[in-house]
Amino acid sequence: MTANTPKPAAADALASAATRARNELARLVSYIVFGLSAVYCAWRASALPASRWEPLGAGSFPKLVFIVLAVLCLFAAIKSVIDIQRNGGMPEAVYAFGRWLKIRRISFAIYGLLVVYLAVLSTLGFSLATFGFLLIAQLLIAGVTRRTVIQSVIAALVFSFGLNMLFADVFNVFLPRGVLIAF
Amino acid sequence: MLDAFFQGAHQVFAFDTLLYMLIGSVAGIVAAAIPGFTVTMAIILTLPLTFAMEPLQGISVMLAVYVGGYTGGLISAALLGIPGTPSSVATTFDAFPMARNGEPGRALSLGVWASFFGTIISTLVLIVAAPPLAIVAVRLGPWEYFSLIVFALTIVASLVGNSLIRGLIAGVIGLGLATIGPDPMMGRPRLTFDMDLLSPGLPFLVVLIGIFAISQLLGEVEVHGKKVNHALIPKSIDFKTWEVMREVLGRPVNLIRSSMVGVVIGALPGAGGSIANLLAYDQAKRSSKTPEKFGQGIADGVVASEAGNSATAGGGLIPLISLGIPGSAVDAILMASLMVHGVSVGPRLILDHADLVYGMFIALTVASFMMLVVCVASMRLFLRVTDIPKQFIVPTVMICCVIGAFALNNRVGDLYLLGIIGLVGYILKCLDYPLAPLVLGVILGPIAETNLRRALMSDGDWTVFLTRPISALFLAAAVLSVIFSIRSIWKAHKKDNGQKGAVV
């Protein structure tokens, strides 16, 4: 071990400080987004006309709620900036943010797949769109091997076409049919 | 009276009625175990099937679905961390960590026994105290309701998790989300930004599924280190039926207090299992000598939340039987099923159809025993869920969530909302925001606003909230609750600092 290599405990402390700074940076962004959205919503709510029949009207309650939210976000943001400064500042936080995304790459991939699935559901119909979603999602999680492909195809068939038939024939709940009208 | 009781018992204990009730119990448990499918949906699907039955037979089947449904939500709450129904939100707080700690069988068993005893206690209260409780419940005006909701909102303080400020922000975001869509009094569109998607408002169920289910499922596939694809709960399973029964009975104060919370909340029109579940959990945590263990898989948390939501079944029937006022959507459907058979529901119900009323009491008791038998007998089957690898369970449960969100209103727009809310929920979860306060805000927001505006519409004087005794009582309870929470947080903070000091 050379003299320049940090000791494990010191390295852990550095990593921990970077993680805390990363978390606080992400939270700070959320406080700013929520705070600004709250100010905008409070302004929109105050533009709602007053009612002739009641003292409060439609806008009072949302205005109150969003003003409270904006104030809470302001407090949280100030506290967050102080915490980031204590834990190494912005450069450490930006570096650690990349790792944060890497850990969640499959989660975001599945979410992206869900968005595409929801977008095409009414066009392709429940059975086809669900088959595609289940197949790709299962392979994304389990990895592509001959065994996982066979298992995933069977599971996707059962929970797409099978589930659609169950809901239509047993519960009388008709899911979007899309191009497959016959199903 | 005894004649009517025996007539009711004779009808309920008929072979075909018991058989239909058994099927109803299984259907309720299975339906509620699927995230997105509520007890209300299961009851609605059952209603047409009861038209051809005798009135008591039909309502007995629906009660079996009702009781089974309140317990079924526990299964996905404990095994997947996703509340199967809105009334099992608090169940996830301790049942899921307990299952993750290698005791999924005990978590389910605790919930099942607590649900059973909760239903039995609520039935006893229903039989003894239906008329006086109903009179009190009906006397409550908007002032009392608003004060009750203020009290219920103070629960947020005990659901905040690691950060008080993030918990409060999440709770207020929930209140804010509930204001989107038509205003509850006049129907004026608010904060819809001229988007068709937002014009009907955010359906509560879509918010619940998005916030809890989608975020939980996305969290399951995060890759920390080496990529893994094992089952969600890897440890072996032991149901420990009788041992857990003794464990539940060994907590009589918690069990009775949580059941009474369920009965009272169930008896209040508009409130329901979702509020009772959270309120009972909150009361158990506050009364506990070890509140810091709540949220880590403590038995008291599971018992309180499940006894609380199941006890609303009996509580909801109190105003229905005594005054013909349904306490919840499910009670309204039960009432509709009686009306379909030409039975007039109102204060004269117990005088004109005593056999029917006593039959309902018996059916509720039988339904809870049936739920217990079905759960104990089939729990090993449900526990097989824990053996299924993530690659199958995560996408498939996601599809169930999509179906649940769609089936609510048959609206594709709700699915887009589900996608957006799911992402928000996941990001909030990643940033360590507690999600329960947000859901609480969405539940309580519209009730609080409606009652506040109603109260001020009939009398613009704000002091009425303090001069009406029951309203003042609720507000005093809210103030005490806040003081107690601040004291607990301060004590926990002091303890943490003390420990850090000791380490240094």
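Cβ from N, Cα, C; glycine included.
Caution: TrEMBL annotation is automatic and unverified by curators.
Per TrEMBL, the stretch carrying the note transmembrane segment among B:422-444, B:468-490 is B:468-490. The largest share of C-beta pairs under 8 angstroms with the transmembrane segment (B:356-379) comes from B:59-82, of the ranges B:59-82, B:255-280, B:391-408, B:468-490. For the domain 'DUF112' (B:18-440), the mean pLDDT of the prediction comes to 81. When Cβ-Cβ distances below 8 Å are used as the criterion, the transmembrane segment (B:468-490) is approached by residues 139-141, 143-144, 146-148, 150-151, 153-155, 157-158, 164, 286, 291 of the same chain, each at least six residues removed from its ends.
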